[in-house]
Every structure is written in structure tokens, then in C-alpha cells.
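Down below is the structure, laid out as C-alpha cells.
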Amino acid sequence: MKRVNTIAVFAAAVLLASGCSEGSGDDDGSGFEFWSFTGINQKIDVDAYTKAHPDAKIKLTEVGSTTETAQALTAALAGGKVPDLVLIQGDDLPKFMQAPENFVDLTTLGADKIKGDYLDWVMSQSTTGDKIVGIPTDVGGMAIAYRTDLFKAAGLPTDREQVSKLWPTWDAFTEVGKQYVQATGKPFLDNTPTSIFYQAVNQGTERYYDADHKLSYDKNPQVKAAFDLTLKVFASGISAKQGSFSTGWTAGMSKGDFAVVSAPAWMLNAIRTNAPGTTGKWDIATIPGGSGNWGGSYLAIPKRAKNPKAAWKYIAEMQSPAGQLANFLAKGNLPTTPSVYTDPQLVGREEPFFSNAPIGKIYTQSVVNVKPFYIGPDDATVGSELLNTLTSVEQGKVDPANAWDTALTNVKNALRG
Amino acid sequence: MTTTLSPATSAGTTRGPSRYRHVQQGVRERLAPYGYVAPFFVLFLIFGLFPLLFTFYVALFDWDLIGERHFVGLDNFSELVHDPRFWGALRNTFSIWVLSTVPQLLIALGLAHVLNHVRLRAATLFRMSVLVPYVTSVAATTIVFAQLFDRDYGMLNWFLELLGFPHVDFTASVWGSHVMIALMIAWRWTGYNTLLYLASLQTVSRDLFEAAAMDGANSWQQFRHITIPSLRPIIVFTVVTSTIFGLQTFTEPLLVNPVGGLTCGAARQCQTLTLFLYEQAFGRFHFGYGAAVAVALFVMVVIVAAINYLLVTRIRSERP
């Protein structure tokens, strides 16, 4: 008995030790594994696809947030089981573009034939040399979401055309904000770092890298201008100083403690879910400066994918101009294919939560004139350090006069290691 | 063992096989315990020791998980020494640790003393209820605390306003955020430590307390001269464990201020070493640098645990 026990224990230990061997894959031709992140509702697309192709077996996994999905993908690429298809958020893409050998060059599957369907500046971010790593699924055009009821109470116009005319520039926007604060005694804008800086810095012709793909955040006058603009807006006293996505931000939005939020296309969903009680009280106006983009995602196929052909078939069908239009009509993601921007279905789509604003029309106008700029691997780091410094200014922890120097020091520290 | 068996063998008739069986059984019995503990050690080897040693190895590289990796020797460590973010995280870690551990253990001691009192009614109810915070999810605790401490809409600031004070932005300031996180940790662990102390106290003979009471010792004197001396071994244990856990505080700073991403606020005001490690390794994919932070943390835990051990054993040896 004793011996049996001892052996069993050893055997169990050995089994456990060797348990990390390769699992066997099941490759049946039409099935594939798809990793996405939460909040973007890829299930609708997958369901639509499997309805049209009943033989396709798609295993969709929502790994987690955009960052968590990128982390899981990194670990998988480094030596684990990779999915056949993966959705990568635009901000995470540059890191993967540093090592394109981890992905299937989509031109080998036919991407070179369809690349002309997409906005060239979006496509350029997932292209390196003559290799295409990802196909863009959506863009994050820019606009301003505002509360019509609060605007009315402050004696401001409420019609979206008229409101858009109030602020052709950020300076005019600030003036409107001052009027609002004077009339109501309440802050106008949720915060300046996200609502001003992250919008304004995305409206330039270059961001943190120059045309030669070298870091130039400290020399680029456009970055400094966006930074100074943010400080100026903050100094005008129109900010509620509620960091985006904080608990105070959510509460303030529901209570109407600020009237305006800068809203890249994906932000509409955040407003809808965080302040469901404010339905019908919002409307959408164009962004000062007219154009800009923040966000968007790409579909890519890892090199070691078991079934790249089936994954590509899915991309080619679901991300075609018609596929992206259907997707927009179903969930509101802004297409990356300009050929559908004039489609009556897109132009005519109205959003009841936002006073029936024609979101397709408003947002596509903001992305057609975007100038492409290079986004590099350190973009996320530089951006978040600049944003954090501006947040510290709002929190009274950094003197606005020293903010730029502090920001440069913070970026420099963050770029080490 | 052998002495009790030897009469039997000398008396028995089947001498040879019996001796052989005994020898075999002896070997087996000597090996068996190793077999029983093997699962732990095998698993520890795979999931504990190997990652530990591998971390030391990774720390010597500029290691991007999917890109290239270069051997850089001790460069990561020299970077670390000059990185203000590292020193900031170190300051935050120690500050939060002291702010949470010291009051936590003191309160636990006092609570255990009270809960051990003979005339306490519904003792089991009270004893069990101190453990409730411990079984609550850390994430839930953190989110609720963050809301309580919110600048504009938090209950705490609502009270401050009632009393005529201006609102305090706890999460934005260094001290505010540290106190807030320390409170969460203390709230969670005080009950756990109380139960450890209580369990140990219950092994102390009641006669001691009764005799002391007969001699006129008040509750404080009993606490000072009976409770604390008899709890010394368990105090050593709790001090060492809460030090190790305290230096690895992660979930609270990760969730308390999600706006700043992995930095616990715009100015990294409450980013602990483990969170800094996580930011570097899994947020930025700088695995070599992250591993260097891990090694530094490891060394620190060992040093602090050693100091702890020396201090507390000295206290133990000084009999009052």
C-alpha cells in the first residue's frame, strides 16, 4: 500500500512536470480562432459571417481590454498558441510593427489588390516596406458632444449647425466656454488633458516622430502648440478637472456638471453606457479645426496561425467597403473605406441618444482631410507622459509655467529602460 | 523502533526473510516522506525557483518579448539607479507599507485582547465578523474606497463640506493617496491578523489572566504583561509576512486611480514597485528592465525580512 502511494505521488509529480507539452490542434479547413477585445462587439460580425457561411467555425475569444489583448498577443507570439486572427487597437499597433516577421504578410493573400479601398493614411500605419500587416477595421473620427439642455439654459444655441459655427477654432471654443461659465457658474468642459490636448495633437501633420521616423516630440512646434493651447484653456477656468473615465467623470456626466466632452467616434459608446439617463439630451457638433482622428483598430494574422486562409477570407469579406458599411449600420463603427462615405445609408443614419445626430456624416467629414503622420513604437509612452503632466497641472501639482519642462523630463525618464 | 523490534526477531523462527523484509521496509519508510513532499517541491521548482532564477537572467538583457534581445550586462541596474521613477516607487512602497502595517498590527493586537475576554457575549459572531473584510474581493474594496474618497462626489468630502472644510483631492496628492491605500490594506488584513493573535491567545492558560485579575491587574496591565509576551512568536510571524506582502502591494494602486493607466496617478504619486515592474514588463514590454526591478525588489524584501527577524528575535530574547 505504502509503495503504491509513493509511486502514485511520484507519477503525479512527473505528469505535472511534463504537462506543458504541445497540445494537438484541430485544423478542419474552415475553422479558425479569433482574438478580440471587449467593448467592440465583434460577435455581431462573427454571427453575420457564420450565418452566410454555415460551415465556418469561428472561435471568438474576447481576451480583455485593448491593452490586455495586446499583452496576451505578445506572450503568444513569443512562444505560445497563437490565434489565426487578432484585432489590434491602433495605439498598440506600432509595437507590433517593430517586428513584422511575427505576422503573415497580407499581400501574399491578396491584400495588395484591396489596399486601395482604404484611407491611405490609415493603411500606411499597418504597412512597412511592401509588407501589409493589418487591415483597418474602423477609424476614430473626431467631434464634440454637448448637452443641448445645458446649452439652452446658458443662453447658447442648441442646433448642431449653429453650435459648430460657434467654434471654428479652439480659441473660439474657449470663448464659448467662458460665456457658459459666466452664465451658469458651472464648468463647461470635462477636462483639458484628454478633451483638448489629445484632440489638438492629433490634428497636426506630424506628431511625436518626424518624417524620418525619428522622435521629435521636443522639437515639433505642433506638439508644443497643442500643449500650450491646453494650458491656456485650463487657465481660462472652463474645466471641470474630471479625468476621463474616472469615477468623478462618470458621476459628473450623469449629473450634468459639465456640458461638453470631446468625442472621438468610440467615445459615443462610453457616454451612452456611463450616463444612460441622459439619453436625448446630447448632440454632436464638429470639432474645432474641422478634422482629426484618434483610435481605430486593425485585423492581423500571426505568422504561426494554423488556418491563415480562412482568416483572410473573413477579413476580405467583412472588411470590404460593403462589409464595413453593414458594420457601421449595426454598431456605429466608422468605416475606413471612403467609397461608402457618401452612401445614403451612412449619411442618413441618425443616433437617437444624441438627438438624432447624423453621426456617419459628421464623423466621416473629420477623417477625409486627415494628414497622415508616422506613429512609432514610443508614441504611446510620449503621449501618456505629456497627458499625465497636463493632468498634474489640472490637479494643482505642477505649475503651468514649468509644465513643458516637467513634461520633457518625464518623457525622457519614461523613454529609458 | 529497532529496539522494540529486536526481541521479536530473536524469538521468531523465520529469521532470514523477516530481516530482509524489515530492511526493505526500512528503506521504503525512509524514502516515503520524500515522496509525499515531492509534489510541492516539483511544482515549486517549476513555478517558483525556475522563474526566480530566470528573472535574474532576463535582467541582464534588453529583452523585448517579440522583438530582438541583446545582452547588456548590468546596464539595466545602472539605469535603475538613475531612474527617478524607481526611487519614487520605492518611496511610495515604503510609505504605504509603514502607514498600513503599523496601525494594522497594533489594532489587531488590541482587538484580539478584547475578543479573548471571558465575559464577551456572542464571542463567535464578533470573532468571525472581523474576517469579513478579508473575504471581500480586493478589487471591490478598492473601487468602493476610491468612490468614498472621490474629490467631488465622495462621501468623505461630503462630510468635510458639511463641516465647512474645502474638498480634498485624495487621489491626486502623495499623502492622500498613500493614506487611502494604506487604509484599504489595513481594513483588509486587520481581521486576519486579529484571528491569528486570538488563536494564539487561546492557548494561553486562563489561569494567568484570572490570577492577574485577582492580584488587581487592570486590563491594560494584563495586556502589557500577559498578552504581548505570550504572543511574541506569532507577532514575529505577522510582522514578517505583512512586510513581505506590504512590499508587494499591487492591486490597490492598480485600481484606485485607473485614469493614469499603470502609474497610479498622473504624477506616479502612489505607484508601488510591483506596479512599476508591471508597467515596465507588461505595459511597455521592457522585460529586461522589469526583471531588474523585480531583482531589486527581491533583494529589498530579503534585507527587510532579515532586519525584521533580527529586531524581533532580540525583543523575544529580552524577557521582561
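Cβ from N, Cα, C; glycine included.
Note: TrEMBL annotation is automatic and uncurated.
Small disclaimer: the values here were computed from a predicted structure and weren't measured.
Residues or ranges marked as region 'Disordered' in TrEMBL: B:1-20.
What TrEMBL lists as compositional bias 'Polar residues' is B:1-16.
Annotation comment: TrEMBL describes B:34-60 (among others) as transmembrane segment. If one looks beyond the transmembrane segment (B:34-60) by at least 6 residues along the same chain, the residues whose Cβ comes under 8 Å of a Cβ in the stretch are 71-74, 76-77, 287-288, 291-292, 294-295, 298.
The annotation domain 'ABC transmembrane type-1' is assigned in TrEMBL to B:90-308.
Residues annotated as transmembrane segment in TrEMBL: B:94-116 (among others).
Taken from TrEMBL, the feature transmembrane segment covers B:128-148 (among others). With a cut-off of 8 Å between Cβ atoms, the residues of this chain six or more beyond the transmembrane segment (B:128-148) that come close are 111, 115, 154-156, 171, 180, 183-184, 187-192, 194-195, 251-252, 255-257.
Summarising the annotation, TrEMBL assigns transmembrane segment to B:168-187 (among others).
Beyond its flanks by at least six residues, the transmembrane segment (B:231-250) meets 93, 96-97, 100-101, 104-105, 108-109, 112, 181, 185, 189, 193, 196-197, 200-201, 272-275, 278, 297, 300-301, 304-305, 308-309, 312-313, 315-316 of its own chain at Cβ-Cβ distances under 8 Å. According to TrEMBL, the transmembrane segment annotation covers B:231-250 (among others).
The transmembrane segment annotation in TrEMBL covers B:287-311 (among others). Note on the transmembrane segment (B:287-311): residues 52, 55-56, 58-65, 69, 72, 76-77, 79-80, 86, 90, 236, 239-240, 243-244, 247-248, 273-274, 276-278, 280-281 of its chain, located 6 or more positions outside it, place their CB under 8 angstroms from a CB of the stretch.
Counting only same-chain residues 6+ beyond the ends of the transmembrane segment (B:168-187), those with a CB under 8 A from a CB of the stretch are 92, 95-96, 99-100, 103-104, 107, 133, 141-142, 145-146, 149-151, 154, 156-157, 160, 246, 249, 252-253, 256-257, 264-267, 269-270.
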